[in-house]
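Reviewing the structure listed below.
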Amino acid sequence: MLRPLLLWASENAWLRERMPRLPFVRRAVRRFMPGEDAPAAFAAAAEIQRQRMGCVLTLLGENVRNAADTEAVVRHYLEVIHEIQTRRLDAEVSVKLTHLGLDFDPALAETNLGTIAAAAAAAGQEVGVDMEGSAFTDRTLTLFRRVRATHANVGLCLQSYLRRTAADLDSLRALRPTIRLVKGAYAEPATIAFADKAEVDAEFLRLAQRLLSARTAEGPRVILGTHDRRLIAEIITWATAQGIPALAYEFHMLYGIGREEQRRLAAAGHRVCVLISYGAAWFPWYMRRLAERPANLWFVVKSLFAG
Ligand SMILES: Cc1cc2nc3c(=O)[nH]c(=O)nc-3n(C[C@H](O)[C@H](O)[C@H](O)COP(=O)(O)OP(=O)(O)OC[C@H]3O[C@@H](n4cnc5c(N)ncnc54)[C@H](O)[C@@H]3O)c2cc1C
């Protein structure tokens, strides 16, 4: 019941305008976000690195409407890439294509991603491309293929809840890109997405096995973006039985979620990275985090009284 409501709220302009001003909502969001600016993200990344884990940094924002806004986003990412290098952080950036202009000018978004990818390559870093709602899947794949043709350091996120993802993976096979597999965070109709959680999980396992089977010692990186302990255990058991070494794949989790599991996996010799999102435009992203686990609403209620 609550999930569709929260996902509806994530796209509501009236709420997006007003909710982030409420102090108790601002307090609650801190659970998933170290702060609104890049220095807060760098400090969190340094702390996570001390715990022998890596980080992925994302400036929050999506569906920007004009070229000047995308320019500011690109400038921001170029600075972040430079800071990651200067501070010797074990980190890379991940971007949303609608933050770079995909919504209104795909050619501009392509140029913007190319600029970020070139700077990252010069700094020895990869760049992840997030996957947004299904209205953008085709455009994201088209743009990704174009940029990947000249920038080998660009990877892509795919969602196991979409029925099309197995075919998309086939179509990307020749490129051998880094893939970050996730379950998917948006409201999608049952015609294109598995509605049943068990089906989404089973598809995640199948796709993870395909990615791992296709991988060689030279790569590509296989990133499993999930906090699902049962799935993680199943994948490790399967990979171990196939003789696939622990460092052949990575577990990525969101900042503030599954901290114990992150540390447990890292201590067991797995590569673990924490995705740190930061920035002022956190409302739609935060609503999606609440939708993933409506019990999180309790933290919002508690922060109402935490003064
Ligand atoms: C690194 C990373 C990158 C991502 N990138 C994208 C992307 O580009 N596009 C996209 O559509 N989605 C993305 N997602 C979100 C993803 O699609 C899922 O919505 C999210 O990860 C929840 O699914 P789960 O795999 O953790 O499994 P679930 O079955 O949803 O959760 C498993 C367990 O994890 C814990 N958990 C999960 N979510 C939360 C939460 N919000 N708060 C507290 N506990 C929680 C709970 O204990 C839950 O029982 C990303 C997720 C990660 C980890």
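Using the three backbone atoms N, Cα and C, a Cβ is placed for every residue, glycine included.
Feature list (source: TrEMBL):
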- 44-300: domain 'Proline dehydrogenase' (DOMAIN)
- K96, R288, R289: substrate binding site (BINDING)
- M131, Q159, K183, G184, A185, K197, T226, H227: FAD binding site (BINDING)
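Of all Cα pairs drawn from K96, R288, R289, which the record names as binding substrate, the longest spans 16 Å.
Among the binding-site residues A185, K197, T226, H227, the residue whose Cβ has the fewest other Cβ atoms within 10 Å is K197.
In sequence order, S10, L60, A185, S277, P284, W285, Y286, M287 are the residues of the same chain, not among K96, R288, R289, whose CB sits within 8 A of the CB centroid for the substrate site.
A 10 Å cutoff on Cβ-Cβ distances gives K96 (substrate binding site) a total of 24 other Cβ atoms nearby, all chains included. Under a cutoff of 8 A between CB atoms, and with a sequence separation of 6+ in the same chain, the neighbours of Q159 (FAD binding site) are M131, T165, V182, K183, G184, A185.
The two recorded residues R289 (substrate binding site) and H227 (FAD binding site) have their Cα atoms spaced 12 Å from each other. The most densely surrounded of the binding-site residues M131, K183, R288, judged by C-beta neighbours within 10 angstroms, is M131.
Cα spacing between K96 (substrate binding site) and T226 (FAD binding site): 18 Å, rounded to the nearest whole number. R288 (substrate binding site) carries a helical DSSP state (H, G or I).
Taking every pair among M131, Q159, K183, G184, A185, K197, T226, H227, the residues listed as contacting FAD, the largest Cα to Cα separation comes to 19 Å.
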